Amino acid sequence: MERVGMNGAEIIDGKAYAAGLRARVATAVPAFRVAAGRAPGLAVVLVGEDAASQVYVRSKHKATVEAGMESFEHRLPATASETELLALVERLNADDRVDGILVQLPLPPHIDEKKVIATIDPDKDVDGFHVVNAGRLAVGEAGYVPCTPLGCLMLLKDRRGDLSGLEAVVIGRSNIVGKPMAALLLAENCTVTIAHSRTRDLAEVVRRADIVVAAVGRPEMVRGDWIRPGATVIDVGINRVPGAEPGKTRLVGDVAFAEAAAVAGAITPVPGGVGPMTIAVLLRNTLVAAHRRAGVALPEGAIG
């Protein structure tokens, strides 16, 4: 267990946990192949030449293949029409080899992201963005949960065990992280507060939390004196800021790490905390989708 300083916070190693989850997924794939006569399949669609998106798509392809799954990569030019993209999604919906469909965001401005997400078959929506899956999460039914908040919950439960009765503050209310994160914590019987840009005296709200999840996209906004001693801090932010050398940059989270680590009981670093969990949970969701679609039981506790 790594700590910051003599009495500082435990560092939550998301990279190590993600590696373990990916290994468990890979271990479960051969049994599915035998039962279903095929490998689980993940289709990733990229529109345009966005550099960051290309990196993410390559990482997802590599991880999918390493897990023993089929990776179906579809690239469209930035000039592709919305109609072309929707037609591709419909073809993937109908393709029995494909268990999960992921359309890499952001999309070019002439394409309606909401319409594209709504076209994905909810049972193949391994990103958990479809309104049907959002509704399933809200009412406690089985569906697909967005990868980042589910990864955060896994790290929290691994660190703290039973979360029942704990005070949790989620900073940020996006559909991708904040809202589903709050729903997951509520399902774990936490007392949940969602904070945002209009929250009055945000620092005071955060100070009462046993669990802080920061997902606002503002570099080092959450200061150390906001953190309750012993709290668990999950930093979802990934922000690029100027580095020490001219022309260089570095990655920081939404939490002032050194300050918070001096007070918290445990904290995720940036990088190496939440980030690696996202692709690992994507593989997990794809494996679950494959089992559900094929009518094959996934042994309880096999992948977490």
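Any Cβ shown, glycine's included, is placed from N, Cα and C.
What Swiss-Prot says about this one:
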BINDING   Gly172, Arg173, Ser174, Ser197, Ile238  NADP(+) binding site
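Annotated features, which come from Swiss-Prot, shown on the structure.
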| residue | record | CB count, 10 Å |
| --- | --- | --- |
| Gly172 | NADP(+) binding site | 23 |
| Arg173 | NADP(+) binding site | 18 |
| Ser174 | NADP(+) binding site | 17 |
| Ser197 | NADP(+) binding site | 10 |
| Ile238 | NADP(+) binding site | 16 |
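Maximum C-alpha to C-alpha distance over the listed NADP(+)-binding residues Gly172, Arg173, Ser174, Ser197, Ile238 is 18 Å.
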